[in-house]
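Database features (TrEMBL):
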| type | residues | note |
| --- | --- | --- |
| DOMAIN | 428-496 | domain 'J' |
| REGION | 131-151 | region 'Disordered' |
| REGION | 488-516 | region 'Disordered' |
| REPEAT | 37-70 | repeat 'TPR' |
| REPEAT | 71-104 | repeat 'TPR' |
| REPEAT | 105-138 | repeat 'TPR' |
| REPEAT | 222-255 | repeat 'TPR' |
| REPEAT | 374-407 | repeat 'TPR' |
| SIGNAL | 1-31 | signal peptide |
Amino acid sequence: MVAISPVAHKLLSYVPFLLVLIDLRYEGVIGGKDGGVENHLEMGKKLLAAGQLADALSHFHAAVDGDPKNYMAYYRRATVYLAMGKSKSALPDLSKVIELKPDFTSARLQRGNLLLKHGKLDEAESDFKKVLKSNPSSREEQEAQSQLKKSDEIQRLVAQAQSDFTRRDYGSAASHLDIIIDTCVWDADSREMRAECFIQLGEMGKAISDLKATSKLKSDNTQAFYKLSTIYYNLGDHEMSLNEVRECLKLDPDHKQCFSHYKQVKKLNKQIQAAEELIQQEKYSDAVSKYESVMKTEPNVPQFILNAKERTCHCLSKVSLSFLTTRCHHPPKHTLHLCLTVVSECFGLVPQDQQPAKAISVCSEVLKADPQNVNALKDRAEAYLQDDQYEEAIKDFESAKEHSENDRQIKEGLERAQRLLKQSQKRDYYKILGVKRTAQKKEILKAYRKLAQQWHPDNFQDAEEKKKAEKKFIDIAQAKEVLTDPEMRSKFDQGEDPMDPESQQGGGHHHHFHGGWENFQGFNPFGSGPFNFKFNFN
C-alpha cells in the first residue's frame, strides 16, 4: 500500500467542499442565476454535509428570510444550530416548524428531547405524548415512550430533591440532583440547587463548576457571578473573586451586593499585590507590614489569614545572615551608622537575635493549620538553621521532601542542614564566641575581645590551666578571623570550615594557624587586624 504524504492528505480533506462548490456552480447558485429559497436550502444542505456549518447557517438564514412560512427552512436551520451546540437557538426554530406543520413528528420529537435536557419536563411530556398519537414510525414511537418514561422518573426525583433540600438533607438532595442533571444537562435550576447543596456540604470546587454552568445557561445571571465571587473570596483567591464580581457588574453596574463586595475585594487585592511586589524587591519587613494590613482588612476569612501568615513566615525567614553580610561586611567609612540602618530596615521593631524565633513561631502557626504546607516547612527549616537548631531543620526539610520530591531547593537545604549539623558537632565558631548566626561584625568583635581578654594565657599560672587557656585562646582567635571575613564566613555558613583543609570543597584559599601559643605572644585582641603584636597582656 502506498503511503499518503501529509500534504496530500490535507489536500484530500478539501475534496468534499470542492465538490459542493462545483455542484453548486453547475446549478447556477454561485453565478447568481437563481437566488431562490430552494437553491439556498440545497446549498445549505450540501455545505452542512461537508461540515461547513457557518456557511450552511448563512444560507438557511437567507431561506428563512426569503420565505418565513417554509417549515423546512426552519428545520434545516435548527439542525445546524444543534450541530453547533446552540440548543437555545434551535428551540424557537423547532417550535416554528411545529406551528407551520403540526404533524411533523421528527421536529416534535426533537423539541421534546431539547425541552427534557433543559429541565422543562411538562412541556417535554406534552410533546412525547403528541408524538405517540400522531402515527409515528416504530423508531419514533419507541424513542417517545422511552423519553416519556424517563421524564416521569425525573419528575419524581425533582420532587424528592426539593423535599430533601427543604429538610436540609443536602447530601441526599445532591445525589438526586446528580441523576436529574445526567439527563437534564442544560437545566439551570437543578444546577443552582445542586450548587447550593455543595456549598452547604463544603464542596466548593463542585459548587464552582455548577455555578459557572448556570452563568452561561441563564442570561444576565448576576446572582451566579456574585456567588462565584464570594466562594473564591472565602477560599482566599482574591484574583478570581475580583474577576467574577466584575462580570456581575458588567451585567448590572448598580447591583448592590456585587458593588459592595467589589470594593472589599479590590482593596484586599491591591494590598496583597503590593506586598508581593515588596517581596520581589526583597523589602521583607515592609512586606510583613503590608500583610499585617491584609489581616486587618479581612479578619473574618481564615484562608486569607493563613495565606498572610504563610507569606509573613517566608519574609521573616528571608531576613537572614546572608542579607546582613552583603550589606554590613563591606561597609564604607560610616560603618556603624550604615549597619544600624540596615538592621533597622531588615528587622523593624523585632530585635535581631529574636528574628529566627519569630519566624519559627509564625511558620509553626501556619503548619498547625496546614501540616503539609511545603512552603512553610521550607521557610521554618531556614529559620531553624539561623537559630542553630539543625536537627529540627533537617526534620522540616525531610517532611517537605515527602510532599515535593523533585524540589531542588528542598534537596539543597537538606544537604546544607546536614553539613551544618555535622559541623556543629566538631567546631562551631559562633558557639566559641557565644554569638548567633545572625550576629553583626560589631557584636562578633565585642564578644571576641571579651573572651580573648578572659582566656589570655598570661592570666593563668598553673601549667595545666595555661595549656588549656592557650588552646581556648587559639580557638577564639580563629573564630574571630573566620566570622569577620565575609568570604570565610560564607563558606562556614554553607557547612565548610575554612580553617580545616580537609573540609574544603574545590579550590580557593584557606587559612590555618600553624604552631601553638608562641605565635600569639604579644597578641592584642583590641587591635584592628586579625593579628596585632603592639600590645601585651601582663
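Glycine is treated like the rest: Cβ placed from N, Cα and C.
All TrEMBL annotations are machine predictions without curation.
The model shown is predicted, which means the values in this text are computed figures rather than measured ones.
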*asked:* Quick check on the repeat 'TPR' (222-255): DSSP residue counts for helix, strand, coil, in that order please.
replied: 27 helix, 0 strand, 7 coil
*Report the DSSP secondary-structure composition of the region 'Disordered' (131-151) as helix, strand and coil residue counts.*
16 helix, 0 strand, 5 coil
*Using a Cβ cut-off of under 8 Å, list the residues of the same chain at least 6 residues beyond the repeat 'TPR' (105-138) that approach it.*
71, 75, 78, 82, 87, 90-91, 94-95, 97-98, 144-145, 147-148, 150-152, 154-155, 158, 180, 183-190
*Mind tallying the repeat 'TPR' (37-70) by DSSP state, helix then strand then coil?*
27 helix, 0 strand, 7 coil
*According to DSSP, how is the repeat 'TPR' (71-104) divided among helix, strand and coil residues?*
27 helix, 0 strand, 7 coil
*For the repeat 'TPR' (374-407), give the DSSP counts of helix residues, strand residues and coil residues.*
27 helix, 0 strand, 7 coil
*Within the domain 'J' (428-496) only, compute the mean pLDDT.*
88
*When DSSP states are grouped into helix, strand and coil, how many residues of the domain 'J' (428-496) land in each?*
52 helix, 0 strand, 17 coil
